[in-house]
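Enquirer: Got a structure for you, written out below as structure tokens; questions coming shortly.
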């Protein structure tokens, strides 16, 4: 059927080619001829969500409102047909929608509805674990905030039991104000079999791509330097690193999001990187005032400090996969412009083969490998690949 072929083409554009705008136009064409096509309604909403979080021109309330309206129409259509599986799918997409805009309580209600309707997906355990983590963080913050604003009653002078007729003068209450922290510079990264993507989270962003200088040494193909002038202060932002493996100096792409830079590098080979950097040369934003000669040592982060900021490789525990280790802290989530950009890039909306490849490779390798290539993974058991200098133990 022509419509089925068009749906496959649009789905491929959205998830395989990573072109949500192209997919949006394709779904629009399908809906012109079939306004109640459930699949087109659901995934047109997904296109709008990806455009909202990935492109500044689409980052508006209207975009997300349109996505929600499409899901509303899809739900009405599915309920009208009595299609239980499609109703479950729409509820799952509602969950993703509200999760991404950080309404975790509402997201949880739709997640439960989807499960109760029998919706099945390989990523459900991962989403459930992620949702639980977010809710726990939110509840903890609310509890801490409540405790912080609790005022203890002051005991009156009459009730102190002090019989002295004279009292020492009462000193003015000194209120110590906690120093405000300077904006943090954080790093996140993930990889596929062909590329490595680095996210630099900072509030000091350039005005355009043209202002960013990205240099990869053609000699060792591992020395990376990223710099640009900060518009507001006139100071310079710099990130320098010695990558753990070689990349193509000529194949570099850059995207600027509301609170981060995203740099994608092409691998020379398909080696799975165990870490981003071999050693740390300089990892600092160098946001000192003009004319101020600060000690160069203050602009260097030690390997120990930087390692705390970077993300750990997923745990190999067979009982539970702690996917929260793949994420930076809550503040970085806020800066990313999405509820969970890193998790979203890896799992949200992946095609069925990619999902199967990721689940199979991670579980069979005991958490030491993560592949998106189903054609490769399906050929046999994925072997355990421990980090360099370590060996697997069989208990």
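Here the Cβ of each residue, glycine as well, is placed from N, Cα and C on the backbone.
Taken from Swiss-Prot, the feature ubiquitin cross-link covers 32. Per Swiss-Prot, the feature region 'Disordered' maps to 137-175, 373-395. The annotation phosphoserine is assigned in Swiss-Prot to 168, 171. Residues annotated as domain 'CS' in Swiss-Prot: 182-277. Look at Swiss-Prot and you will find 312-395 tagged as domain 'SGS'.
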Enquirer: Once the chains shown are all counted, how many other Cβ atoms turn up within 10 Å of the Cβ of residue 32 (ubiquitin cross-link)?
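Expert: 9, counting other Cβ atoms within 10 Å of residue 32 (ubiquitin cross-link).
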Enquirer: Which of the three DSSP states, helix, strand or coil, fits residue 32 (ubiquitin cross-link)?
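Expert: Looking at the DSSP assignment, residue 32 (ubiquitin cross-link) belongs to a helix.
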Enquirer: Where does the mean pLDDT land for the domain 'SGS' (312-395)?
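Expert: That stretch averages a pLDDT of 61.
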